[in-house]
Amino acid sequence: METIDSKQNINRESLLEERRKKLAKWKQKKAQFDAQKENQTSRNDIVTNSLEGKQTTEKFTERQERVKEELRKRKNEFRKSDEPVSVKPSKKKSKRSKVKKKISFDFSDDDDSEIGVSFRSKEHIQKVPEHDNEKDPLDEFMTSLKEEKMSNSKGMYDRGDILDVEDQLFELGGTDDEDVEDNTDNSNIAKIAKLKAKKRVKQIYYSPEELEPFQKNFYIESETVSSMSEMEVEELRLSLDNIKIKGTGCPKPVTKWSQLGLSTDTMVLITEKLHFGSLTPIQSQALPAIMSGRDVIGISKTGSGKTISYLLPLLRQVKAQRPLSKHETGPMGLILAPTRELALQIHEEVTKFTEADTSIRSVCCTGGSEMKKQITDLKRGTEIVVATPGRFIDILTLNDGKLLSTKRITFVVMDEADRLFDLGFEPQITQIMKTVRPDKQCVLFSATFPNKLRSFAVRVLHSPISITINSKGMVNENVKQKFRICHSEDEKFDNLVQLIHERSEFFDEVQSENDGQSSDVEEVDAKAIIFVSSQNICDFISKKLLNAGIVTCAIHAGKPYQERLMNLEKFKREKNSILLCTEVLSRGLNVPEVSLVIIYNAVKTFAQYVHTTGRTARGSRSGTAITLLLHDELSGAYILSKAMRDEEIKALDPLQAKELQEMSAKFESGMKKGKFRLSKGFGGKGLENIKSKREEAQNKDLELKKNDKRSDDLEKKINNPHEGHDSEPESSALIPRLNYELFKESTDGSIIFYAKVYINDLPQIVRWEATKNTTLLFIKHETGCSITNKGKFYPEGKEPKNENDEPKLYLLIEGQDEKDIQLSIELLEQKVKEGVVKAASLSLKSTKY
C-alpha cells in the first residue's frame, strides 16, 4: 500500500510540475503578446498625434496670416479716416481682464503650448477631431461664456455706454482670440485712437436742405420806443449807466417789461411772483437785441440781471419751434457755465419759468453729479440743457456720439464767458460749436472782455452787437470798498477776527432794537464771505477760526462734491452765516443776503477783484468789500488804488491812504523798469519788459518817454478796461507780427483754404519755437489743419534772385474751413510770443556779469 501511495504522489507532483511549466510558458507568451500590442498602439497614437498636430499647426498658421492681413487693412483705414472715435478707459480694463481669464484656461501640454487654443470660435472647436462621443466640458463652458458675453454686451449697448474702440479692433480675426502679437497690435491701435480722439466730438457739416428753418426775430418795437429820436436814445443810454454799443442795427433800449411783448403768464411771473421792478441797464438793451435774433456780447458787472436777459428770448424761441418728436432727444437751447454752482443756479432760474409749462423740459449736466440720471433725462427728450463744457463733451462722446444730437440746437449761451476761458475751456467750447448748426443764435455774457475772448467772438459770432454797461467803473457802485494794511500774517488774522466780532456786535445791537420795537420785524440776515487764495490756506484759516470760536462753512475744490453742496446749502439756510472759500465761488454765486466780503489774500488781477467784490451788493442791495493787505503785496495795492473811488480814499485813515499810495507808486515804478508786471487774468503777456529792453539797447532817451506813455495807458486801462479795445492791443507792438496771405481754392467742386505764414525774418529762437515739431503737432491736433515747412532760409539782406529760386522760408497751412486757418495762425502767434520771451531771457542772461 505504501508503494502504491508513493507512486501516486510522484505522478501527482510530476503532473503539477508539468502544469506549472505550461502555465509559465503561457504567461510568457501572454506578456510578449501584450507588449507587442502596446507598442503597436503607441506607434499608432504617435502617428495620429503627429498628423493632428501638423494639421492644427497648418490651420493656426493660415488663420494667423488671415488675421494679420485684416489687421493691416484696418490700420490703413484707420490712418486714412479722420473721424474721431470715443474711447472709454473702463472698457479697456474689462477687456484685458477677460483676456486674462481666457488665457488661464489654456492647455498646458508641451506639444500645444506654442499654438494656444481659441475658446470663442465655434468654427475652430468643431474642426478639432473628436475621439469619443462624449461632449467636451471645456466646449460647454466656453459656449456658455460666449453667450453670457453677448448678452452682457447687448445690455451695455442698451444702456447707452460708449462703444469701445478695442471691441471693434479685436473683431478683425472673426471671433477667435488673437495671439500675443495680435493683442499688442490692437492695443497700439487703441492707444493711437485714444491720443487722437479721446473726448473729441465729431465735426458735423450741415447742408441747407437738412436744416429745419426756425424763427429768430420775435421783437416788435412798441410805439413809445419807436417814436424816440436818436438824441433821446442817446440820453436814455447815458442815464442807464452809460451804455456803449458796438455794431450796426442795434434796437433801441426799453424801459418797461410791457414793451417786450411778453405773454401774460410770463408778465405775471415776473411782476407778481418774482417781484422784478424796473429793468436793469443790461436787460433794457440786451433783451430787445437778443429778441431781434442778433448775436449779442453783453458786458456788465456781476449781479446785474444777465440771466434773465438771455433766458426770456431763449424760452420764446423754444416755444415757437416744432416740438421734439418721439425719436428726438433735443436740445433746442444750450447754456454753458464755467462752474457747477453757476450751472445749478441757472437751472433753478429756468425751472421757475418752466414749472408751469410742461412743454419745456430742462436738464442740468455738471461734473460731480450722477451721469446715469442725466443720461436718462436726456433720452426722454429735453428742450434746454444747462451744462459745464467738460460734462457736455462727455455726453456728446457717449455711444459714439449717438446719445445726444445737436441738430436741433438753435440758441447757444455762454455765461461768464471770460471765466470759461480763464479756466481753459476754449478747446471744449470750440469743439462744441463745430457740432452746432452754423445759423444758430449765439449769446455771450461776461463781466470783462479780454483780447482772447474777443478773438473767439470774432470767429464764432455773426455780426454781433456788443453792449457794455458802466464801462468807466466796473466795480458795483453799491459796494463800499475798504482795506487794511498789515505787517505780518498774525496781524492779518487778528484783523480778520476783529472784523467778524465787530460784525456780530453790530447785528446783536440791531436785533435788540428790533426786539424792543415789534415782533413783526424780520430778523437781520447779513451773510459774509471770506476769500482765500488756496485750499491749504482755506483749511488752515477754518481751523484757526474754529479755535477762536467762529464757525464757518468751508468750500474749495479739494472737498467732495456732496460736502461742498451741503456746506453751501447750510450757508444759504442759516442767518448771518460765514462762508470761507477759494476762487471757485468768486463768480456766479448768487446769495442776495451777502453784505460783507473779506478778501484775505490780495487779488492778483483786476478782473478777479471785480468778480470777488461782486459777491455782495447783489441787485439793488448795498454791501462792503474789505481787503486785508500785507505790506509787500504791491500788486494788490496798485489794483485797489485804481479801483477805489476818490470819495472812498478820502474817507480812509490818512496814514493808511498814504501807505497805500506809496505801495502803488512802488509797483508802478517797478513796472516801468520791468521788475513787476500786472497779470491780466488770462495768462498775462508780461511783454512790456521785453519791449523796454529792446528799445533800451536802441535808444535810451526814447525809452523814458515810452515808459511814461505805457504807464498812462496802463492807468487808463485799469480805470476803463474796455476802452482800450477800440485801439490796437498793446502787446501787438511788442511782438513780431506774423505776415501771412490767405487764399481760397476750388478744385473738383471742393473748396480748400490755405495760408502762407512768412517766418524767414523772425529772430532765430522765435523761428525755432514756431517751427519745431511739438508746435506743429499741437496746432494740427487743435485745428485739424495741415502745416508744412516751405522755402528756404535767407539771411538778412539776401533775397531770392529770380523766380526759379526757392522763396523765403514760410509755413503753408491748409484746411477746409477759413476759421480753422485763422485759429491756426492765432495759436502760431502764441508760440511766437513764447519764442520772444525765451529770446529776451537769453539776452538778459548773456548781459549778466
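Here the Cβ of each residue, glycine as well, is placed from N, Cα and C on the backbone.
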Of the residue ranges 415-418, 451-454, 615-618, 631-634, the one that Swiss-Prot records as motif 'DEAD box': 415-418
Binding-site residues compared (S300, T302, T307) - the one with the fewest other Cβ atoms within 10 Å: T307
Secondary structure tally of the motif 'Q motif' (255-284) (DSSP, helix then strand then coil): 18 helix, 0 strand, 12 coil
Residue counts (helix, strand, coil, in that order) that DSSP gives for the motif 'DEAD box' (415-418): 2 helix, 0 strand, 2 coil
Check: same-chain CB within 8 A of ATP site center, minus S300, K301, T302, G303, S304, G305, K306, T307: T280, I282, A447
Neighbouring C-beta atoms (10 Å sphere around the C-beta of S304 (ATP binding site)): 22
Neighbourhood of K306 (ATP binding site), C-beta criterion under 8 angstroms, separation at least six: I282, A286, G298, S300, D415, F445
Fewest other C-beta atoms within 10 angstroms, as judged across G303, G305, which are the binding-site residues: G305
